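Working notes, structure below.
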Amino acid sequence: MSTADATGGLTEEEENILWERSVETWKIQKEERNKSNQELIDRGEKPIDYDNDWKDLPIFMQELPEEPSSNHYLAAFQSLSNECTPEERAETFKSLGNDYFKEGKSRYNDALYYYNKALSVKCNDMKKNSIYLSNRAAVNMELGNYGLVIKDCTISIEFNPLNMKAYNRMARAQLQLGKYQDSIKTCDNGLSNEPENKDLLTIKENANKKLQDIQRREQEKIDKENTLKQQQLQLATKLYEKNQYKLGHQIFDMSQYTYQSDRKITIDQNNEIHFPVVFLYPEFGKSDFIMDFQEDHTFGDHLQMMFPPENPEFAPWDTKKEYTMDRIEVYFETNWTKPILADIKIKEIEKKWIRVKHTTDIAKVISHPTYIIPEIPLFYIVSRGNLFYKKFLENKL
């Protein structure tokens with residue numbers, strides 16, 4: 001059965017919103033009625049009895065699970081007659097739930113059944129109802145239903161602000177869900193009643209540690225990003241000063257083409273620049289990664305080692321054997337990203353493909369007025385003459 005089916009067509013998220021709104025409305029109504037009654041008392045009039053309005057809360061209208069699989073408590077259950085008071089019936093249900101809970105995980109559903117039965121009595125002793133809710137929360141805590149734990153404990157505390165077990169279970173559930181600030185707040189609320197409560201102090205300490213770990217990791221991430229930005233800015237400045245190379249922002253994630261390498265453009269002690277370069281073969285969705293393409297290297301220097309005729313082996317994806325040195329063409333797209341250095345002025349022209357000759361060195365290409373390095377140099381390789389080639393040049397891909 002889907003979550004929506006089990007809740008009368010509502011999703012779990014919609015059910016949570018409905019629950020939260022009803023509880024909030026009840027709290028507001030309670031405050032308004034208390035204020036109204038106080039005004040009546042101040043005038044010497046009899047206050048209105050609103051003691052039973054809590055019985056309409058959705059926490060008391062949950063469907064009960066199926067009856068327990070074992071009936072060894074059946075005699076005790078049947079002994080509850082209509083002559084018993086609601087409080088007595090609810091207490092007996094609670095005791096049965098406690099007994100099942102002590103028997104372990106295999107009896108948790110039975111324990112839930114009887115805690116639900118205790119709540120369904122809707123007795124007028126709010127401290128007892130608070131206990132039934134926190135007991136049901138204990139079962140759901142063991143089952144990992146942390147959202148239900150928080151729901152039950154929220155009302156449990158409303159019914160009895162001194163129920164320390166409810167604070168404990170709610171704070172632990174919030175901790176499990178990563179709601180560390182909420183967990184700390186719950187602990188503080190409980191500690192205001194019992195400042196030396198060891199369990200709450202421990203939970204609060206753990207929540208603070210988790211929160212500090214998150215804040216530390218976030219700060220480390222910010223510091224790392226700032227360091228990388230500073231390094232990029234310094235590199236962009238050096239490249240432009242050396243040969244008007246324009247370092248730009250990344251246009252897409254290159255890690256899939258660089259085999260997860262973090263290799264960047266470097267400048268050696270002789271002031272020579274070493275470029276990692278990506279060749280893309282768009283016809284096949286393939287790529288090659290050249291780790292060190294030096295400034296005076298031509299494109300032919302690298303391509304002739306990769307393709308026939310000098311390399312006798314065709315690329316495994318080139319089943320038609322069309323990628324040979326006499327047919328291969330190299331292209332880049334003009335202005336395909338923005339320069340990192342804000343003061344660099346670029347000519348705004350319509351994007352287009354520019355062909356690179358095999359005999360051209362990379363320094364000449366990268367210093368071209370319309371070439372902006374997209375973090376690392378990127379070039380497209382196609383084979384002249386076929387249908388893909390024509391569509392590529394027409395930008396119809």
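Glycine too: its Cβ is placed from the backbone N, Cα and C atoms.
Sequence-distant contacts of the coiled coil (197-234) (same chain, six or more residues past either end, CB-CB distance under 8 Å): 164, 167-168, 171-172, 174-175, 178, 180-181, 183-184, 187-188, 190-191, 247, 340-341. What TrEMBL lists as coiled coil is 197-234.
Taken from TrEMBL, the feature domain 'Cns1/TTC4 wheel' applies to 268-386.
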Model confidence over the domain 'Cns1/TTC4 wheel' (268-386) (mean pLDDT, whole number): 93
